[in-house]
Amino acid sequence: MAHRFPALTQEQKKELSEIAQSIVANGKGILAADESVGTMGNRLQRIKVENTEENRRQFREILFSVDSSINQSIGGVILFHETLYQKDSQGKLFRNILKEKGIVVGIKLDQGGAPLAGTNKETTIQGLDGLSERCAQYKKDGVDFGKWRAVLRIADQCPSSLAIQENANALARYASICQQNGLVPIVEPEVIPDGDHDLEHCQYVTEKVLAAAYKALNDHHVYLEGTLLKPNMVTAGHACTKKYTPEQVAMATVTALHRTVPAAVPGICFLSGGMSEEDATLNLNAINLCPLPKPWKLSFSYGRALQASALAAWGGKAANKEATQEAFMKRAVANHQAAKGQYVHTGSSGAASTQSLFTACYTY
């Protein structure tokens with residue numbers, strides 16, 4: 001016989017629900033600016049810019065100081081610990097700049113992968129130790145949501161039942177701890193696109209992973225109305241020779257979600273998974289036009305697919321600030337339109353927006 005002990009007060013539930021809904025309201029999505037120092041270094045290296053704290057700060061200042069109308073397209077920004085405490089050139093905290101624009105501030109909470117012994121190089125995610133204390137401090141510092149990324153891959157004997165269950169339980173425990181501290185948890189069980197599997201195989205695995213995640217969330221008494229999901233779109237592996245249309249990706253993706261994600265979840269914000277900027281937008285638009293029931297807001301939580309053109313336009317030069325902001329705003333508006341099924345591809349995208357952003361075994 002199951003016994004129920006209240007996990008959250010009505011006031012806590014109300015706050016969490018309102019935060020989650022505000023992030024995805026009216027076609028808004030999320031900018032994932034939570035790249036680690038090492039990952040940001042890889043991005044800067046491609047444009048021949050040194051990976052220093054000042055260069056990282058300068059690029060993010062350009063993004064965050066964009067015109068306030070960005071709040072019509074971006075509802076939340078995920079920050080890395082370093083960025084949460086950085087300031088602009090006038091001494092103003094980035095988090096306060098975002099809040100003044102009406103954008104909700106989030107934080108990356110997982111601490112990377114650890115090997116699962118007895119599996120084919122599978123991992124579970126670290127970061128549960130001390131998580132409650134970190135969440136409490138971040139809440140005091142103005143953070144209202146968190147993000148935790150679990151990584152699963154399709155390969156020989158992968159993902160194993162052990163990896164699926166272990167990562168689902170870690171996600172659920174993280175989500176529960178977040179909510180206890182007033183943070184909306186973004187649940188990110190990512191089936192990465194490495195491999196040569198086809199669309200149907202990815203759909204099958206994605207359904208198994210999401211079903212396990214929501215079983216675990218239920219077991220851990222997580223309040224679904226105060227959460228957001230950040231899944232992969234259902235796509236073929238990067239090395240698959242068969243190509244699929246955005247409409248085929250959309251049908252497989254929405255079918256998988258319809259079978260596994262409760263309607264209580266207010267929003268699903270897709271990761272871009274190394275797609276080009278333009279492909280990520282076209283697929284999101286097709287998903288919102290898919291003729292299947294869609295009880296959730298279907299939006300975006302993009303990092304590379306919102307920043308690639310902006311980074312290329314910047315090139316490490318302060319004189320390129322306006323061009324950088326224009327490139328960022330263009331992608332943000334395009335994805336805002338796609339989140340409402342209203343994006344029209346004009347064919348005038350720059351080279352950076354059509355270049356694949358895939359990185360094998362990608363880590364933040």
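Backbone N, Cα and C define each Cβ position, glycine as well.
What Swiss-Prot records for Ala2 is N-acetylalanine.
In three-state terms derived from DSSP, Ser36 (phosphoserine) belongs to neither a helical nor a strand segment and is classed as coil. Annotated phosphoserine per Swiss-Prot: Ser36 (among others), in sequence order, evidence recorded as similarity to another entry.
For Arg43, Ser272, Gly273, Gly274, Arg304, the entry in Swiss-Prot reads beta-D-fructose 1,6-bisphosphate binding site. Its Cβ taken as reference, Ser272 (beta-D-fructose 1,6-bisphosphate binding site) is surrounded by 26 other Cβ atoms within 10 Å in the chains shown.
Annotation source Swiss-Prot lists phosphoserine at Ser89 (among others). Here Ser89 (phosphoserine) comes close to Glu61: these same-chain residues lie at least six apart in sequence, with C-beta atoms under 8 angstroms from its C-beta.
Cβ contacts within 10 Å of Ser132 (phosphoserine), excluding its own Cβ and spanning all protein chains shown: 14. Swiss-Prot lists Ser132 (among others) with the feature phosphoserine.
Proximity of Glu188 (active site, proton acceptor) to non-local residues of its own chain (separation of 6 or more, Cβ distance below 8 Å) is seen for Lys147, Trp148, Arg149, Ala150, Leu171, Leu229, Lys230, Pro231, Leu271, given in sequence order. The active site, proton acceptor feature in Swiss-Prot is assigned to Glu188; the stated evidence is similarity to another entry.
The annotation active site, schiff-base intermediate with dihydroxyacetone-P is assigned in Swiss-Prot to Lys230 on the grounds of similarity to another entry.
For the recorded site, Ser272 (beta-D-fructose 1,6-bisphosphate binding site), the DSSP three-state label reads coil. The phosphoserine feature in Swiss-Prot is assigned to Ser272 (among others); the stated evidence is similarity to another entry.
In this view, Ser276 (phosphoserine) is surrounded by 20 other Cβ atoms within 10 Å of its Cβ, with every protein chain counted. The phosphoserine annotation in Swiss-Prot covers Ser276 (among others).
According to Swiss-Prot, the phosphoserine annotation covers Ser299 (among others), on the basis of similarity to another entry. A strand conformation is recorded for Ser299 (phosphoserine) in the three-state DSSP classification.
Under the heading phosphoserine, Swiss-Prot lists Ser301 (among others), citing similarity to another entry as support. Around the Cβ of Ser301 (phosphoserine), the same chain contributes Gly29, Ile30, Ala32, Ile78, Ile186, Lys230, Cys269, Phe270, Leu271, each under 8 angstroms and 6 or more positions distant in sequence.
Feature annotation from Swiss-Prot assigns phosphoserine to Ser309 (among others); the stated evidence is similarity to another entry. Ser309 (phosphoserine) is surrounded by 25 other CB atoms, counting those within 10 A of its CB over all protein chains shown.
Here the binding-site residues are Arg43, Arg304; the one with the fewest Cβ atoms within 10 Å of its Cβ is Arg43. The Cβ of Gly274 has fewer other Cβ atoms within 10 Å than any other of the binding-site residues Gly273, Gly274. For Ser309 (phosphoserine), the nearest of the binding-site residues by C-alpha distance turns out to be Arg43; the candidates were Arg43, Ser272, Gly273, Gly274.
Under DSSP, Lys230 (active site, schiff-base intermediate with dihydroxyacetone-P) is assigned to coil, being neither helix nor strand in the three-state scheme. Taking each Cβ in turn and tallying the other Cβ atoms within 10 Å, the top scorer among the modified residues Ser36, Ser299 is Ser299. Per Cα geometry, Ser36 is the residue among the modified residues Ser36, Ser132, Ser276, Ser299 nearest to Arg43 (beta-D-fructose 1,6-bisphosphate binding site).
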